[in-house]
Amino acid sequence: MVSKMIIENFEALKSWLSKTLEPICDADPSALAKYVLALVKKDKSEKELKALCIDQLDVFLQKETQIFVEKLFDAVNTKSYLPPPEQPSSGSLKVEFFPHQEKDIKKEEITKEEEREKKFSRRLNHSPPQSSSRYRENRSRDERKKDDRSRKRDYDRNPPRRDSYRDRYNRRRGRSRSYSRSRSRSWSKERLRERDRDRSRTRSRSRTRSRERDLVKPKYDLDRTDPLENNYTPVSSVPSISSGHYPVPTLSSTITVIAPTHHGNNTTESWSEFHEDQVDHNSYVRPPMPKKRCRDYDEKGFCMRGDMCPFDHGSDPVVVEDVNLPGMLPFPAQPPVVEGPPPPGLPPPPPILTPPPVNLRPPVPPPGPLPPSLPPVTGPPPPLPPLQPSGMDAPPNSATSSVPTVVTTGIHHQPPPAPPSLFTADTYDTDGYNPEAPSITNTSRPMYRHRVHAQRPNLIGLTSGDMDLPPREKPPNKSSMRIVVDSESRKRTIGSGEPGVPTKKTWFDKPNFNRTNSPGFQKKVQFGNENTKLELRKVPPELNNISKLNEHFSRFGTLVNLQVAYNGDPEGALIQFATYEEAKKAISSTEAVLNNRFIKVYWHREGSTQQLQTTSPKVMQPLVQQPILPVVKQSVKERLGPVPSSTIEPAEAQSASSDLPQNVTKLSVKDRLGFVSKPSVSATEKVLSTSTGLTKTVYNPAALKAAQKTLLVSTSAVDNNEAQKKKQEALKLQQDVRKRKQEILEKHIETQKMLISKLEKNKTMKSEDKAEIMKTLEVLTKNITKLKDEVKAASPGRCLPKSIKTKTQMQKELLDTELDLYKKMQAGEEVTELRRKYTELQLEAAKRGILSSGRGRGIHSRGRGAVHGRGRGRGRGRGVPGHAVVDHRPRALEISAFTESDREDLLPHFAQYGEIEDCQIDDSSLHAVITFKTRAEAEAAAVHGARFKGQDLKLAWNKPVTNISAVETEEVEPDEEEFQEESLVDDSLLQDDDEEEEDNESRSWRR
């Protein structure tokens, strides 16, 4: 054993390490020295220890690691770290610290224990220099040296107890009551009065000082193992009783932030202890340097090193106790509540059952009793009668912690029996893996260990805990108020102790928690290779259906049984695989179930149904424990509570299905499956063929209906999407066919025009050629007519879905498209598709008359011989009744001589003259054919629409090509010309006629 064979004096080596590490390391030299000491103490060979030290210290020392390790082992082997036997400089140092005591202090040879004693007295008496009380105290100490040496050696061998620290703190609190005197005078006189009152107390105080030499080490000391020295609780000291202290059960995973009520008077004594403890007890002692400000204290509000910090914390420091996490976040301080009236300047203690102040973050659960399974992790061993054996066994009025603490991981010792009347068995968490707060190290630690033999593998060890516990009914103790904040609870934002706020399900509520009534902690239940069932929790109701779960879990293996709404919980499910390997594969998968990371998967445990129901917050109705097998044959109402066990075989389930309600339930399951089964199988067989264990499951009807609706909606949504896609494909195909037909039609028309012009120009053509051309024209005419009919037949179908829109919707869509087009054009983006859509909308709007300008009344009814209905007959009817006229004249205008940029605006331009029935624009030849609803509208467009954007368009009537002779054509043309001249009548004249009629009508109405 390298550590015991070579190292003779751990304290001397630690001092040597601190001095050596200080110039080469940014970390705290004292803490790192203890870490190095813990590494060197390991039971390994020198070679292994060197490798271990180099590996572990590389992160701290980096380039200096190798040199330092070699230097360390040389010092250990040569014992050069040991100080010289005498300390000639200590006397001069003492004179420098206490100039007023120079004449009175005896100059004698001092042993190592005497040096420590003097160092401690200097530490306590450093800040307020009052010579008289210190002189008397040092005199009395010198007289007691011989008596105390043996006791000191005993205390050095045995682990120190926490009551000495509490003693000093209580005395400090007692001294702090006087605010009217100066800090130093009050401190000295109180000390003098106490010693004069009780000499035995002074003697015991000297014993405790030797122990405090070890207690003032940093709290993250790596070889610290005794839980008794981890924490202390300041409790009020009653003036007449000096020994009534009670230990408080606190744990290594908690932080205690204490702001004492005597801030003003404890400044220097509590924060000036580090300097001399850090220097060696021998020739390495240096005179004190002026302290710099502590950066951690200024930035965070408190310092993790506490009394051990070498830097200045100011005049009002906050005492931080029991911290094993150096990187802890800042936490507001809270003064402890004392018995009796509070000191001046502080508010009275809070009333019983008052939650912690609002400014404490995160809030702490309300006070309550500790569980019977909590081991006594603090308190001195039994031989001391004035102290309670543990905070758990203390009487109700003792100064125990008013806030429940949590249990550290890995404690396997049995606690002493606790009074069963004070505690309940179901209030505390157990040891287990918490995925939300994993422990860095999972190594088990015994409850009581000797300091010398302690070894830790890591620099910093964290323990897991969960403070989200249900509210307690136990009132807090009046004598102390202690704020204990768990390291995990820093992440919480809602305290579970607040009324009306639901508490988070604690770890013991999880399905795989082994809830036995054993007082100790149970090991995690190891599931055997025969378990094939998985439980799902927190499944959203919309996802908790058979089809979704089957889709996800069938990838891992064969599903034997699948139950949703398991255990009456709409968010629960049970899945059974054919083999254990498949189930393990499913539970080990890193993929989130159904893409939802909140869904939890656990191993299913037989017989845990009743326990889960008692702890599950979702099952609101009380459940009676009863045999599981007969539940299947109960009525539907009864079966809505506990779920039948999944151990029933399908044959038993079929025999139980003779009940009518059971069949009804199975029918609903069939509906829930969406008729997945084959139609040739009966209802019962359908259920069994889909999922073997479905007949064993009792469902909540409300959950079934909701899930069935969700399934139907999702199925219909999928069908709608597919139908929409098919519809779009069909429309696209139809448009392509129509476009192709349109192209063929245009080619035929061009050919027809060419042949007609050929006939007209060549008057001297032979009769044979003329006959051939006429035959070709006939064929072309038939084809053109046929193609036109096909195109027209396809056109209404294309516009049918859009014709449902109202006029307002059409206008809104047109305006929106126009705005989008304008924005994209301004931004310089591609607008071809948007322009095409805009043109189609314009065409549709023009066909429905939405784009017409509405110039005057009756613009659509001003035809030849139009009847006004008032018997006046003012239209140019030529003596023929309007309803008897069949107008076969063309209503389509052929438009040309426009540019590519004008093509989009052409349709709106002509739409203002009337309702457009059809519009065909040839992109290649810049030729358009617009068909109006009536001849009059077409004539108005021909007269007024020829001028477009400052240029003249070429307009011509688009006549349907028929096999007519030139004579008939000549007869038609004068009629058109005549009507064109007639239609040139100004619209204002017609408008005047209308106004005249309105006047007559109004006068006749008045008569």
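Each Cβ is built from the backbone N, Cα and C atoms, and glycine gets one as well.
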Considering the residues Lys106, Lys189, Lys725, which is the one that Swiss-Prot annotates as SUMO1 cross-link?
Lys106
Could you check Swiss-Prot and say which of Lys217, Lys510 is marked as N6-acetyllysine?
Lys510
If you check Swiss-Prot, which of Ser127, Ser795 turns up marked as phosphoserine?
Ser127
Range annotated as zinc finger - as stated in Swiss-Prot, picked from 288-316, 433-461, 520-548, 665-693
288-316
From Ser121, Ser496, Ser767, Ser852, name the one Swiss-Prot lists as phosphoserine.
Ser496
The annotated coiled coil range in Swiss-Prot, which must be one of 798-822, 823-847, 898-922
823-847
DSSP on the domain 'RRM 2' (891-960): how many residues come out helix, how many strand, how many coil?
19 helix, 26 strand, 25 coil
Whole-number mean of pLDDT values that fall within the zinc finger (288-316):
81
